[in-house]
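*Asks:* Below, the features straight out of TrEMBL:
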- 77-162: domain 'Blue (type 1) copper' (DOMAIN)
- H113, C148, H151, M156: Cu cation binding site (BINDING)
Amino acid sequence: MQSSDSTSDGVAGDDERTNRCGRRALLAATAGTAAAALAGCLSGGGGDGGDGELDDWLGDLDEYDGPVDRTGESEVAVAVGAGSDGLAFDPLAVEVDVGTTVVWEWTGRGGRHNVVDRDGAFASEYHDDEGATFSHTFEETGTYAYYCEPHQALGMKGGVRVR
C-alpha cells in the first residue's frame, strides 16, 4: 500500500527533474551568452565592434563627432595637451589602416600627461615638455581606447579604430 506521502514524493521527484533540466538549460544559455560577450571584448585590442565602441568610450565628450578618417596615411599625429585647458587629445579619435604608426606629440600644456591603452596594448612615459613624442604602430584591426592617467576623470581620452 502506498502512502499519500510516497505519491507526493513521486510527483515532487518529477517536478524536481523538470526544474533541474530547466535550470541546466538556463545555465547553458547564460554561459554561452557570457562566452560570446567575452570573446567580443578580447578581440584586437578591445574588440571590433564598429564605431559604436568609440562612441561608447568618447560619447560623453562634447567635442567628439566620430573618428577622423586617416586611412591611407602611414603616419598620423595626435596632439597631447590640446584644447583650451590642455586636457584633450586632438583629434579625439582617428581611423587608420593596419600598419599605421600613430605619433602622439606633447604640446607642453595642461601639465604632465601620458597615453595608456585601456586594454594594455601600449603605454607611454609621463611628459610635460613641448615636442616630446610617443609612437605606436597598429598591427591588428580593432578599436583601441586610450586615456591620460592623471586626467582621465577630466575627460582626457581618445581612440584609434584600425581597419
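Including glycine, each Cβ sits where the backbone N, Cα and C put it.
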*Asks:* Which residues does H113 (Cu cation binding site) neighbour through Cβ under 8 Å, counting only same-chain ones at least six apart?
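*Replies:* The answer is V80, G81, W106, Y126, H127, D128, C148, P150, H151, M156.
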*Asks:* Measure from the Cβ of H151 (Cu cation binding site) and count the other Cβ atoms within 10 Å, all protein chains considered.
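*Replies:* A 10 Å sphere around the Cβ of H151 (Cu cation binding site) contains 20 other Cβ atoms.
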*Asks:* Per DSSP, what is the residue count of the domain 'Blue (type 1) copper' (77-162) in each of helix, strand and coil?
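*Replies:* So the domain 'Blue (type 1) copper' (77-162) is made up of 6 helix, 41 strand, 39 coil.
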*Asks:* Taking 8 Å from the centroid of the Cβ atoms of H113, C148, H151, M156 as the cut-off, which other residues in that chain fall inside it around the Cu cation site?
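*Replies:* Apart from H113, C148, H151, M156, the close residues are V80, G81, L87, F89, G110, N114, Y147, E149, P150, Q152, L154, K157.
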*Asks:* Averaging the per-residue pLDDT over the domain 'Blue (type 1) copper' (77-162), what integer do you get?
*Replies:* 98
